[in-house]
Amino acid sequence: MYRILHNHKNMMANNILRVLSLLAFTCSFAFTFEPSPLQDFCVADFSSPAFVNGFACKDPNLADATDFFYSGLHLPGNTSNFLGSDIIPVNVAHIPGLNTLGISMVRIDYAPWGLSPPHTHPRASEILTVLEGMLYVGFVTSNPENRLITKVLQKGDVFVFPMGLVHFQRNFGYGNAVAFAAFSSQNPGVVTVANTVFGSNPRIGSEILTRAFAVDNTVVESLQMQF
Ligand SMILES: *[C@@H]1O[C@H](CO)[C@@H](O)[C@H](O)[C@H]1NC(C)=O
């Protein structure tokens, strides 16, 4: 009788363990964002030879205010380029104290009708606010709907671009526009659609691009020449 009870107890324990490990497994899928810090801060030590997810920490006793500081976002970017826009990033490369904190930001300047072309951030959602001017912004949902969601933003408006989705902003007026945006990553990354598809090094073969875009070789070549 004792043995039967004991076995029964073991079975119960096994079942509970199974449920717990399943829960842990499911939860680990829910945490697809940057891991939470395990200490107050981990100022990036760019000279460390260690390859870790992010950067190794410098000795916390040596950290000072300059590790958490950046200056210059009051200055406009240079929009004298083909797109008529400029991005000034402030991420872990500029503030080493952002390492492991899962946030960063940019200033974006737009000349009249300037464009921030379709792109994605592979590691971050983005929340953007307009400080000056007017912007036409949008993003496209994933397959198979590929729905375009757009909005015209005025000064003071805020818009969100969900993680990984292709999005853009265009200055919707004759004056300059300025936006600040924050990211849910210390290092959001940028994948500009045109540059990656038509400007990769080396080139993606035309037999791939002609079929992918249902166009002939001359169209692919002329696009590749732009990037
Ligand atoms: C802005 O960029 C253009 C093109 O690269 C350059 O000719 C010009 O000198 C730059 N202006 C400033 C203020 O840096």
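Glycine residues also receive a Cβ, built from the backbone N, Cα and C atoms like all the rest.
Source: prediction; values computed, not measured.
Per TrEMBL, the feature signal peptide maps to 1-32.
In this view, C57 (disulfide bond) is surrounded by 19 other Cβ atoms within 10 Å of its Cβ, with every protein chain counted. Taken from TrEMBL, the feature disulfide bond covers C42-C57.
Sequence annotations record features per position, and here TrEMBL assigns domain 'Cupin type-1' to 71-221.
Within 10 Å of the Cβ of H121 (Mn(2+) binding site) there are 22 other Cβ atoms, across all protein chains. DSSP gives H121 (Mn(2+) binding site) a coil state; it is part of no helix or strand. The Mn(2+) binding site annotation in TrEMBL covers H119, H121, E126, H167.
Long-range Cβ proximity for E126 (Mn(2+) binding site), meaning a same-chain Cβ under 8 A and a gap of 6 or more residues, is found for V160, F161, H167, A181, A182, F183, S184, P188. DSSP assigns E126 (Mn(2+) binding site) to a strand segment in the three-state reduction. Summarising the annotation, TrEMBL assigns oxalate binding site to H121, E126.
For the binding-site residues H119, H167, counting C-beta atoms within 10 A of each C-beta gives the highest total at H167. Computed over the domain 'Cupin type-1' (71-221), the whole-number mean pLDDT of the model equals 97. Note: the CA-CA distance between H119 (Mn(2+) binding site) and C42 (disulfide bond) rounds to 30 Å.
Other residues of the chain with a Cβ within 8 Å of the Cβ centroid of H119, H121, E126, H167, the Mn(2+) site, are T120, A124, F139, F161, L165, V166, P188, V190. Annotation for C42 (disulfide bond): spatial neighbours G54, F55, C57, P60, N99, T100, criterion Cβ-Cβ under 8 Å with sequence separation of six or more.
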